[in-house]
Amino acid sequence: MPMKIENGPFWKRVEENLQNDFMRGAVAGMQDRGYVRRLGVIEELGHWEEWRSLAEQIRKHTLENLDYYLMQLSENVAKRGGHVFFAQTAEEANDYIRRIALEKQAKKIVKSKSMVTEEINLNPVLEAIGCDVVETDLGEYILQIDDHDPPSHIVGPALHKNKEQIRDVFHRKLGYNKSSDPVELARHARETLRRDYLTADIGITGCNFAIAESGSITLVTNEGNADLVTSLPKTQITVMGMERIVPTFKEMEVLVSMLTRSAVGQKLTSYITVLTGPREQGDADGPEEFHLVIVDNGRSSILGTEFQPVLQCIRCAACVNVCPVYRHIGGHSYGSIYSGPIGAVLSPLLGGYDDYKELPYASSLCAACTEVCPVKIPLHELLIKHRQIIVEREGKAPVAEKLAMKAFRLGTASPSLYRFGTKLAPSAFAPFAEDGRITKGPGPLKAWTESRVFPAPNNERFRDWFRNRQKGGNPS
């Protein structure tokens, strides 16, 4: 599955990103500011835990009845004149969209922000048939013209770039010669993108929530680009993960309120757009043709398992914004378009353990992610479940860990070996110990002891201490 954004060993990626001082500072600043903003809007709303419980109930109910609501959605889209395609795989979704582009002889395609099109790697498929695909979300646009630099955050994809870097990208790619002032940069991007909107043949969007009762899609943005993507081109294609659905407008209102507060610390974003099918007679704008592509791509295999709660996710990135591990290593270290705690849970499920077996270990298990999740996904518990599967079912535990556990099992199963080992341990670790602590551990202990205290084995074994105490010796 084409979800990977970085190759190379996980720990190598981590080491590289730990050297990126700007990125680490930007992430820390984003997390700190976001925490304060989020706290303010949830306190203003009041009864936040009750809202979380309601949102969780909505998502659980929808997933438990997903087949019913997807069928209802499909029927209502068709009633409004739209077309629905259920894609089992990324390849099926890409092929369907590619056929539409060929049929329409599309030369230019404009896109609003969409994680699922990143997930299925749609853009290269369309570019291969000669389409000029333009990302219109400002962050995604910056990354695209910078030689397709991958996103590092679910909500703020260009978080890892500073304004000087963005100015240099604009200079190289767009002939921009003004300052690095964000207002000037945004104005230049807006003027450039305006021409693309007006000449686009197809508009492609993601979907925050599809509404089953009406066949509508909901788009939540702060830039307004999605409105132009859906209003000006003659053909609109919306791509959604199969779980991004709600039964009615009532549930949509609850989840949008949770999404905006959790994602960007706002009561509402600047634009919340609800679209229903193609343009009807008398409408001033809108597409003449509407296609809804509903993507499975591994999601159905998660339903009914212990990992089903991860499909409750509304892509707010609240978990990312409080994660201490993400704070230090950034998004690119994860090697997946889905980073942070949600990425560490979701990526192995969609992409497999071969590529993402390290991600469940990229966590302190502090449970901050679980505490802030607006739909109550038990993220830290799911990370532990992944670790269990990696060791017990997949057999993908590190070699050093396997050997250590085997030695421990042999030693503790044999009384004579255990006695010998406890006698030998103090002298064996003495070269690595200082003041009762192992400060320069050998082998697998090296990384641990560089940042954590590891007590050295005591010279007196417990059984000897206990025997002396029974005889009336010094208990200390």
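Using the three backbone atoms N, Cα and C, a Cβ is placed for every residue, glycine included.
Swiss-Prot names Cys313, Cys316, Cys319 for binding [4Fe-4S] cluster 1. Of Cys366, Cys373, the residue it gives for the same site is Cys373. DSSP assigns Cys369 ([4Fe-4S] cluster 2 binding site) to a helix.
For the domain '4Fe-4S ferredoxin-type 1' (304-334), the number of residues in each DSSP class (helix H, G, I; strand E, B; coil) is 17 helix, 0 strand, 14 coil. Summed and averaged per residue, pLDDT over the domain '4Fe-4S ferredoxin-type 1' (304-334) gives 97. The record gives Cys313, Cys316, Cys319, Cys373 for [4Fe-4S] cluster 1. Within 8 Å of the mean position of their Cβ atoms, the other Cβ atoms in that chain belong to Ser262, Ile314, Arg315, Ala317, Ala318, Pro341, Ile342, Cys369, Val372, Pro374, Val375, Ile377, Leu379.
Sequence-distant contacts of Cys313 ([4Fe-4S] cluster 1 binding site), defined as residues of its own chain at least six apart whose C-beta falls under 8 angstroms from its C-beta, comprise Glu243, Ile342, Leu346, Val375, Ile377.
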